[in-house]
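Chemist: Okay, here's the structure, questions in a sec.
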Amino acid sequence: MYGRYTQDLGTFAKDEAARLRLQQGNGEGGTPQPRRPSELLEYTQGRCAPCRVCALQCQRFLISKVGEDWVFLILLGLVMALVSWAMDFAIATCLQAQKWMYGGLDTNVLLQYLAWVTYPTVLITFSAGFTQILAPQAVGSGIPEMKTILRGVVLKEYLTLKTFVAKVIGLTCALGSGMPLGKEVRAVPGAGRAGGWGAPSSAPPLCPQGPFVHIASMCAALLSRFLSLFGGIYKNEARNIEMLAAACAVGVGCCFAAPIGGVLFSIEVTSTFFAVRNYWRGFFAATFSAFIFRVLAVWNKDEETITALFKTRFRLDFPFDLQELPAFAVIGIASGFGGALFVYLNRKIVQFMRRQKTINRFLMKKRLLFPALVTVLISTLTFPPGFGQFMAGQLTQKDTLVTLFDNQTWAKQGFSDEFEYLGILEAWRHPRSNVFVTLVVFILMKFWMSALATTIPVPCGAFMPVFVIGAAFGRLVGESMAAWFPDGIHTDSNTYRIVPGGYAVVGAAALSGAVTHTVSTAVIVFELTGQISHILPVMIAVILANAVAQSLQPSLYDSIIRIKKLPYLPELGWGHHEKYNVRVEDIMVRDIHYVTLNCKYRDLQHVLHSTKMKSLPLVESDESMILLGSIERAQVGALLCHQLSPQRRLQALRQKALAEDGHRLSDASIRFQISTEASSGAHAAPRKPLKPALKRVPSGLAETPQGDTADHTGIALRSLFCANTAAEPTE
């Protein structure tokens, strides 16, 4: 009463719980009566009763000591690591098969071309057909749907086992084809060339983070559903949403072996308001999953130890000069425009396919034709003996990033001879052009090919293709700076040569951040490369890229949400700050039509004809205006059609006829009873047998007066909305 608490709320709750337990444990006489818990009674039946009871008690002990959250997150991280590793193994096998086919046909260029084009076309067509038949919800990235689900919207069939199977198999086939859909750009076909670019890479292939966010969310939903069979907190809808938020972090962290960047990226991409209590869940699950994923790579002898996926060796004593910061800022601004252009181009391609009625109708009938045509086009352009030789088309995406992050300078230096291309770097050298032409052609071709390939109806992601394009653009700027300052930048009588690989790291983070509208791509880059020497240039470029991109276009995921017309409120862009002062009452419709429980058929018809709203509010009465819920317009129409159908009318006529016949019989019996009692001279009231006789009349609407028809219509309409109208009196 005076604003003080006598004890802490937690202490009071513990004392109260202990008192209740003691009170329940004591019998009527005050002596404790040991008894078996009621939830264990169902396990005391049958042969295996002791084993069941022991297992349940062990489960309770484990949960009470470890906690349900820890067990769930460990299981989630373990499952995702195993799924990611198995998918990488299958994808690497598919790419190795294409390499073997291409290398075995090196005597005939035509057969090489057929193998180069046919192999990805078959895999992409199978992926599109399998996904379309089993679960069309598995198409695309999955992050736009997860953004919608985490805001409370229920999307059916998006987190089911069927969708999980379709996503995993479809994504494996799509990435195994070598299309720019989030992983390998092309297989490694140059086997048999000594010292060439045919040496297989030992590192695991890169999986797209968008589909892996969806896969991790489906794993979390399925695990929650499985653990809810044993009771516990996973029957709670709010707890399931919290676990989905942690699963999004696991998807990114397991994909790149970058748990810190994965958690931050998942928060930026999927959450508008993030509960801090989920922070440790995301970090724990993502770290455990990334650790198991890298341990499996070491166990499979793909790696010697746990290292970064794209380990760089930039100099640490003087990584960059302050005079290079304007160049890094230019990379950020240009990446902002490039990211906005990528989102715009992707959306325009989809809208063009939808607005062309003839093309859309034809592709709806031939669903597998569009993926096949796009695959044939991209495979033809990347064919190494053809146009692909001008854009390093023979390199895998892993090898492309390794070469772009290389420490050495490819352009001619002023105090040294021309750089000697060795190993996989040979793919960037062409005898008829220099490295600048190759990089420009690579950027332009991969830009529109990636925007087109991400529209294919298969499970795919767009982050890694954009990441590679940004790295190529940064490398182009770095090589240009190295050519502009061939002797390096002089500071205090010391000469430090420009490192174009650092520019590639900055460009990769900037362009991917501009497309996704995130800043956490900087952290992902640091974890991917294993160095934070370029932390200042990366942060400057990412922030500038986000500033430019957010003022021009929505993020790629918000653009897909708008295309799919998912129920989602987008963020207010730049130049719309005055809309923060808009209140709900300024945009609400005040004169709204509603349905009451006592409305008549005429009132309901008037509401349906006077408004085109898809949902009608249901209130208790015109006086109270208490909102009971809402009912869809289509559902009201269906219920009315059912209530007033010809079959129901015939049934009502039959009941009316039967009621009239029964009423005549009971009227005759009533008159007979009254007349006999009156003729016998009985002094008892002649009305007494009338009431029970009238109760035996069948309850129908046969003899209903005309004035009561409206009441029966109201009762019938009330039965459309209320489930317990059968208990109401028919009077």
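In case you wondered, yes, glycine gets a Cβ from its N, Cα and C as well.
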Chemist: Scan 113-135, 435-457 against TrEMBL and say which stretch is down as transmembrane segment.
Modeler: 113-135
Chemist: Considering only Cβ pairs within less than 8 angstroms, which of the stretches 212-231, 279-299, 325-347, 535-552 has the most against the transmembrane segment (463-485)?
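Modeler: Per the Cβ count, the answer is 325-347.
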Chemist: Would the transmembrane segment (70-93) count as touching the transmembrane segment (212-231), i.e. at least 3 C-beta pairs under 8 angstroms with sequence separation of 6+?
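Modeler: Stretch pair touches.
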Chemist: Between the transmembrane segment (535-552) and the transmembrane segment (368-387), are there at least three Cβ pairs closer than 8 Å, leaving out pairs fewer than 6 positions apart?
Modeler: no
Chemist: Within this structure, do the transmembrane segment (505-528) and the transmembrane segment (243-267) have 3 or more Cβ pairs under 8 angstroms, counting pairs 6 or more apart in sequence?
Modeler: yes
Chemist: List, by number or range, the same-chain residues at least 6 past the transmembrane segment (113-135) whose CB is under 8 A from its CB atoms?
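Modeler: Answer is 94, 97-98, 101-102, 105, 157, 160, 162-163, 165-167, 169-171, 173-174, 176-179, 189, 367-368, 371-372, 374-376, 379-380, 383, 385-386, 456-459.
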Chemist: So which of 70-93, 279-299, 368-387, 505-528 is most in touch with the transmembrane segment (325-347), counting Cβ pairs under 8 Å?
Modeler: 505-528
Chemist: Residues of the same chain, at least six outside the transmembrane segment (368-387), with any C-beta under 8 angstroms of its C-beta?
Modeler: 109, 112-113, 116-117, 120-121, 124-125, 127-129, 177, 179-180, 185-186, 189-190, 353, 362, 393-394, 445, 449, 452-453, 455-458
